[in-house]
Amino acid sequence: MFPSPIGGIPYPIDFAPSLVFAVAYGCLLPLVAYRIFDRNSRTILLIGSCIFTVERIVAFSLRAAQSVNASKRFNVGLMAYIQSDLALGYIGIAIDLGKLLRTLLVAPTYGSDTYVQSTEAESRYRYWISTAKLDGAAAGDKEEQRDFPTKPPEGTPDAPRTRAWIRGLAGAVALAFLSAIVVGIIATSNLPNVVKGEANTDQNMVLRYVSTAVALFLIVGNAAASVWAYICLPRVNRQGCVILFVISWLLCIIAVYRLSVMQNTTESLQSTASGSLNSVGDKAAFYIFHILPEWLSSALLFVFNTRRIFSTGFIGDWRLADEGPKEKERRLKKEAAHREKLQLRKLEDPQ
């Protein structure tokens, strides 16, 4: 006996839903391409979700091919690949959410004097200086608010301690997600040996449970953090909090579903007995509670301009600590040099 594959083995009944989801993920590709090439919405924080979208097209194409080809249907290597993809895909989305959450929570902790360190300000730093607008507009000016929607009003106090706590907790959560990924990789990479009876089945099941349970706990934590920010954090983008909360609970559905079916075992990949997860009801539950929430999560990440909503800039909140004296000195020198160039440009071209 060995753990039943999540979603079962692809039979002819799987062809239509596999094709539907392959096409559904294909429909997201124009959005993915737009987010990659549009300067105003491009951010590397979604690189994992971009790869996930492309990879899901491949996975469901393979699953559709397996459903109509008996020789591919019971291929242990393909089965292990798809199981690995299912076990790790939603965790990858959750990791991207964690990065967005960190940036969302850090942004409103900057005061008016430290805002230049924020991801949004840094991402437009060169443009801001080159157009001589670094300190030329008032805090309430409509043009400045359009360029920097999260810029705090003059006199807004800084919250460095809150910012440090957020970064510290976000770093710990990222490491915990990494541990869930590693455990999941170990479990799924050993699956062919488990099927052949060459590895310990109980150990493999424990690893799968641990990976999913850790991921679920962390995803619930992300959802709770978005609620806390919505209620307690001044100047936070509430639309971002709502989006994070909704996607987090979609991912929770996936994790809970996985935990609910992991106890099932089967004696053969060809088995259609109870517990093999190959019945019509099992298949329907798989597509409704595992695959559909994944697609909805991906769609929400790309439909909205995450760079604008979460103020991520291009690389998100990358700092381990705030700007130090030496870094500030280099920045001020760079600003001064740019201003000199701008003054020369104005003298050479009075118009």
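Quick reminder: no glycine exception, Cβ is built from N, Cα and C everywhere.
Automatic, uncurated: that is what TrEMBL annotation is.
The compositional bias 'Basic and acidic residues' feature in TrEMBL is assigned to 140-149. Taken from TrEMBL, the feature region 'Disordered' applies to 138-159. The transmembrane segment annotation in TrEMBL covers 15-37, 169-189, 209-233, 240-259, 284-304.
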Most Cβ pairs under 8 Å to the transmembrane segment (15-37), of 169-189, 209-233, 240-259, 284-304, goes to 284-304
For the transmembrane segment (209-233), the distant same-chain contacts (Cβ-Cβ under 8 Å, at least six residues beyond its ends) come to 87, 90-91, 94, 97-98, 101, 104-105, 108, 173, 176-177, 179-181, 183-184, 187, 240-242, 244-245, 248-249, 251-252, 255-256, 258-259, 262
Cβ under 8 Å to the transmembrane segment (169-189), counting only same-chain residues 6 or more beyond its ends: which ones?
80, 83-84, 87-88, 91-92, 94-95, 98-99, 101-102, 105, 204, 207-208, 210-212, 214-215, 218, 221-222
